[in-house]
Amino acid sequence: MKKRIALISEHASPIAAIGGADTGGQNIAVAELARHLAALGYEIDIFTRWDDRRLPKTLNWRDGIRIIHVEAGPVTFIPKEKLLPYMTAFTKDMLRFIKAENNRYKLIHAHFFMSALVAADIKQKLGIPFIVTFHALARVRRIHQGRNDWFPDEGFAIEERVVAEADQIVALCPQDRDDLINLYQADPGKITVIPNGFRPDEIYPLDKLFVRMALKLDPKEKIILQLGRMVPRKGVDNVIKALGYMRSKHNFEARLLIVGGESDEPDPGITPEIGRLQKLAKAEGVSDLVTFVGRRTRDMLHYYYSAADVFTTTPWYEPFGITPLESMACGTPVIGSNVGGIKSTIVDGKTGFLVPPNDPVLLGRRIIELLSSNKLMMYFKENAIRHVNESYTWMKATHLTANMYERIATQSPLRAEDEDDSLSYIDDSFEALIETIEKSRRKIRLATLDSAQAIYRSLARGGKVLVCGNGGSAAEAQHFAAELVGRFEATGRRGLPVMALTADTAFVTAWANDFTFEEVFARQVEAYGQPGDVLVVISSSGQSPNLLKAIRAARKREMFCIGLLGKEGGAAGELTDINIIVPSNETSRIQEVQLHVLHVLSHLIEQQIMADDQNVIQITEEWSISQFQMAGLSGKTADKRKIRHESTKCDR
Ligand SMILES: O=C(CO)[C@@H](O)[C@H](O)[C@H](O)[C@H](O)COP(=O)(O)O
Ligand SMILES: [Zn+2]
């Protein structure tokens, strides 16, 4: 069985279109991680909030990947800042799904703090270890966005809990790791740095002239590209201001293409951020240099990256930033702000430039410096392609992730390679046993009681019990005899004459060796059995010839025969006086229930014998005061056995 992993990404579905306000790097990261894990042989379920009724509850997205749409709040788009109140419902629906499918996830990998809250609650209930990738940390966001961060303050406490309870935390870059340690006191030993990546078969360089023609762009113009989520913190303002600075102070003109938004056509009505930036462009006197492209599908992105001369990304902060990688993968140098993940993915002066996040003048100067030197552009291009292919592919990130999964899985109680199979077997066998016990409880209670009474009656009258069976049943025959000759639960009772016909190895081997195995029990029945004694045969099939012969021999000696059987009783069931037939066809399940029945019989017989002996002592004491003395006998010499016999006669 393949290893099952659950990914939770409460707001960022892998199938959402990229570029909208709430769709960006996390959607891509989850989608790519899932695809590459599936290629490594994992079975992936991605749990994400159901926000569109047109989508099925469970979607078989790709080979080995399902998207499970979780019911949590209204089935419509809700901004991620408003999702926290629905997380309890999310957990409940996810638990329901896991239980309904009887799924055993090796671990859960949660993306973002709300998903991690779900994972932490599920870990508490089901013990499944979990890993978290925060993608963005509340404290960091608050530092950089202040009151423009609309997430509820509960986020801080939730992140602290998650940091403490997660089995492992993925930091996207060294800055992310430092923030986790400094702002959340995360245990450094629990942090693994795994950067995001790009897919070389999806994002690769295209011929600049060709794509400019395809995109109807001027082949000669200098083009600056800005691509990503349309939100203020991405710092597009900075680039527009840089454009203004370049034109006014250096008379240097370049076109700025802005790709992104909520619709394919740029529409300030649908994407207010576009309207805001248009106003800014006007104020900076560069409206004619700024082109809003609108949202584009992922298969078109490398056209835009390849068409540009330089890619700019100057957010105030950026937990990771996938777009600079993609641009470098297309051979387009990047000028990015010296923050978060960007400062570790861009190699300053080798694959592009790093600039402070809010410095349009410096940005403008760097753009001019780069766009004015073909030599520098070529140098950055070559370095960029080599750099990202060496260090930042999704395949590489997935290998690091899978290594971490294996590490966690081997530390957890649900560990190790092929244990899914073993665990399934364990669970199934328990289920089957529970089912057999359930059925048996109803079916064999009366036969069990009758058998206990028959054995007790025989013992009470001075009779004995002979027990036999083969293999596991031979062991149980001896087990039963041991309970009654010795003791089961009670202390201080007399030993009872119960004999396992399997125990005399000298006789059994001699008789089987010299004559026939079929008569090893029958011969002993003939030797020991008396009228009124009981023979108990234990068999799962009821077909063993040596048992059938034993029963026939017992009948001849007017013994009472009890069959503890399975599989509808077999031939033995036809010959005995009482049958306890376990309603199952599986030998092991039959034997397991038979052991329980033998314990129940031991208890019932033992209790009856104890009650009986108590009765005898009382009568003995009464007689010793009255009748024995009158008869001139001492209590000591009273014939207790005789009295016992009398007292049990009237019992039943
Ligand atoms: O314990 C087991 C199987 O669980 C075996 O030893 C099993 O008792 C032997 O195969 C017996 O020979 C089966 O005999 P029976 O139950 O069919 O009379
Ligand atoms: Zn067995």
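Just so you know, glycine gets a Cβ as well, placed from its N, Cα and C.
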Of the candidates His399, His599, the one that TrEMBL places in the Zn(2+) site of His479, Glu483, Gln591: His599
Which of Ser429, Ser440, Ser541, Ser544 belongs with Asn470, Gly471, Gly472, Glu483, Asn513, Asp514, Gln591 in the substrate site listed by TrEMBL: Ser544
Cβ neighbour count (within 10 Å, all chains shown) around Ser544 (substrate binding site): 24
Nearest of the binding-site residues (Asn470, Gly471, Glu483, Asp514) to His599 (Zn(2+) binding site) - Cα to Cα: Glu483
Mapped DSSP class for Asn470 (substrate binding site), helix or strand or coil: coil
Binding-site residues near ligand 2 among Gly472, His479, Glu483, Asp514, His599 (Cβ under 6 Å): Gly472
List of residues, in chain order, with Cβ under 8 A from that of Gly472 (substrate binding site) and at least 6 apart: Ser540, Thr587, Gln591
Euclidean distance between Cα atoms of His479 (Zn(2+) binding site) and Asp514 (substrate binding site), Å: 28
Integer Cα-Cα distance in angstrom, Gly471 (substrate binding site) to His479 (Zn(2+) binding site): 12
Distance [Cα-Cα, Å, rounded] between Asn470 (substrate binding site) and His479 (Zn(2+) binding site): 13
